[in-house]
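Please read the structure below before turning to the comments.
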Amino acid sequence: MPQEQYTHHRSTMPGSVGPQVYKVGIYGWRKRCLYFFVLLLMILILVNLAMTIWILKVMNFTIDGMGNLRITEKGLKLEGDSEFLQPLYAKEIQSRPGNALYFKSARNVTVNILNDQTKVLTQLITGPKAVEAYGKKFEVKTVSGKLLFSADNNEVVVGAERLRVLGAEGTVFPKSIETPNVRADPFKELRLESPTRSLVMEAPKGVEINAEAGNMEATCRTELRLESKDGEIKLDAAKIRLPRLPHGSYTPTGTRQKVFEICVCANGRLFLSQAGAGSTCQINTSVCL
């Protein structure tokens, strides 16, 4: 520091000496320390400025945003791949027009829908082994809004025109099912089977079994029973064959058993008539009326 000298004039008195000079300033080790701290401060300022410029360059700070992050009037815009290390809260997430939106994770991706009390209402978890959805109801719809699939605690609804099962073992229903139509693919067989229990088909207005281009077989191990409680059973075909009917043998003696013969009316109705020495169908023609 510049050295300042101040001259102090004492009052003129007899026997007084001349004027005295007093030095005011910083000298010695104090002066060197001051210069050192000033130099250190300048170095820190330069380093701080250089680090700031480097960070701005690396993070790609611009007027519009930082790096792949752009601030627009509608919100934030991210370009390229982005990684979030903490939970992300957003009202809407959409991709660039014409591009797909991808969610990638090393473990799983979880989407939670919360209420005002931060309680989870619905949850979707996609993991490496399964996709799980939690909620009161699950629906799948087309672009036009038509229901394709719906599931809740009460029922599962399939709204597609056709439900196809491609598994080799078919479909197993442990409970009853309701459907207006069961059919196989063209040139494929339709098989309804109950390996250990009975198979029951019921309908309030009738059950129709139709094979348009092939045969229809009903096979059982013990008894095959066709019963109509209030109506009749029709066998409408040009030929009706019963090839395995048992043949009776003539026994002139012994207990007489009741034997009947099968009679056919002109309209195709069948009835039984007590057998005699000759045909007795003409006697009981009142059944054909």
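Cβ atoms here come from the backbone N, Cα and C positions, even for glycine.
Taken from Swiss-Prot, the feature topological domain 'Cytoplasmic' applies to 1-35, supported by sequence analysis. What Swiss-Prot lists as topological domain 'Extracellular' is 57-289. Annotation source Swiss-Prot lists N-linked glycosylation site at Asn60, Asn108, Asn284, citing sequence analysis. Here Swiss-Prot flags Cys263-Cys288, Cys265-Cys281 as disulfide bond, drawing on sequence analysis.
Features per Swiss-Prot, on structure.
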residue : record                      : CB count, 10 Å
Asn60   : N-linked glycosylation site : 11
Asn108  : N-linked glycosylation site : 13
Cys263  : disulfide bond              : 19
Cys265  : disulfide bond              : 13
Cys281  : disulfide bond              : 17
Asn284  : N-linked glycosylation site : 13
Cys288  : disulfide bond              : 14
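Among the recorded positions Asn60, Asn108, Cys281, Asn284, the ones whose Cα is located within 10 Å of the Cα of Cys263 (disulfide bond) are Cys281, Asn284. Taking the topological domain 'Cytoplasmic' (1-35) as a whole, pLDDT averages 64 in the prediction. A gap of 6 Å separates the Cα atoms of Cys288 (disulfide bond) and Cys265 (disulfide bond).
DSSP gives Cys288 (disulfide bond) a helix state. Under the DSSP three-state reduction, Cys281 (disulfide bond) is assigned to helix. Note: the CA-CA distance between Cys281 (disulfide bond) and Asn60 (N-linked glycosylation site) rounds to 107 Å. Spatially, by CA atoms, the glycosylation sites Asn60, Asn108, Asn284 include one closest to Cys265 (disulfide bond), and that is Asn284. For the recorded site, Cys263 (disulfide bond), the DSSP three-state label reads strand. Between the C-alpha atoms of Asn108 (N-linked glycosylation site) and Asn284 (N-linked glycosylation site), the distance comes to 81 Å. Asn108 (N-linked glycosylation site) falls outside any helix or strand according to DSSP and counts as coil. In this structure, the CA atom of Asn60 (N-linked glycosylation site) is 107 Å away from the CA atom of Asn284 (N-linked glycosylation site).
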